[in-house]
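Chemist: The following block contains the structure, expressed as structure tokens.
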Amino acid sequence: CELSNITIVLEKEECGACVSVNATWCSGYCYTKDANLMYPQKSEKQGVCTYTEVIYETVKIPGCAENVNPFYTYPVAVDCHCGRCDSETTDCTVRALGPTYCSLSQD
């Protein structure tokens, strides 16, 4: 479980544009084990590679109307560890949209 470089796509529907930025996020493997069949009532905690600390960076999205805030702030991982996925701050699903997904049509 460690920091890795990634390109993510940021978008604001009101601006009609997507912007690619370089960031870091956590990826890799964490030690896991299956539940003991002799003691099924004891559940094992399965750790995921997640961030310990993040900072926030801001980028200006082009093409915004005057009445729209053109700035987009996004998290960048600074440190990683194996732990529980916090669904309050993290998308813990397997079927999330990819980091390069843009819902706006690109010419």
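Note that Cβ sites are derived from N, Cα and C of the backbone, with glycine treated the same way.
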Chemist: Among C64, C80, C82, C85, find the residue that Swiss-Prot gives as the disulfide bond partner of C26.
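Modeler: Checking Swiss-Prot: disulfide partner of C26 resolves to C80.
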Chemist: Which one, C1, C102, is listed by Swiss-Prot as the other cysteine in the disulfide with C49?
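Modeler: Disulfide pairing in Swiss-Prot: C49 with C1.
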Chemist: Could you pull the disulfide partner of C102 out of C15, C18, going by Swiss-Prot?
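Modeler: Looking through C15, C18, the record in Swiss-Prot gives C18 as the partner of C102.
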Chemist: Out of the recorded positions listed (C15, C18, N22, C30, C85, C102), which are within 10 Å of C1 (disulfide bond), Cα to Cα?
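Modeler: Near C1 (disulfide bond), where near means Cα within 10 Å, the recorded positions are C30.
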Chemist: List, in sequence order, those recorded positions among N5, N22, C49, C102 whose Cα sits within 10 Å of the Cα of C80 (disulfide bond).
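Modeler: C49, listed in sequence order.
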Chemist: Of all the disulfide-bonded residues given, namely C26, C49, C102, which is spatially nearest to C92 (disulfide bond) at the Cα level?
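Modeler: That would be C49, the closest of C26, C49, C102 to C92 (disulfide bond).
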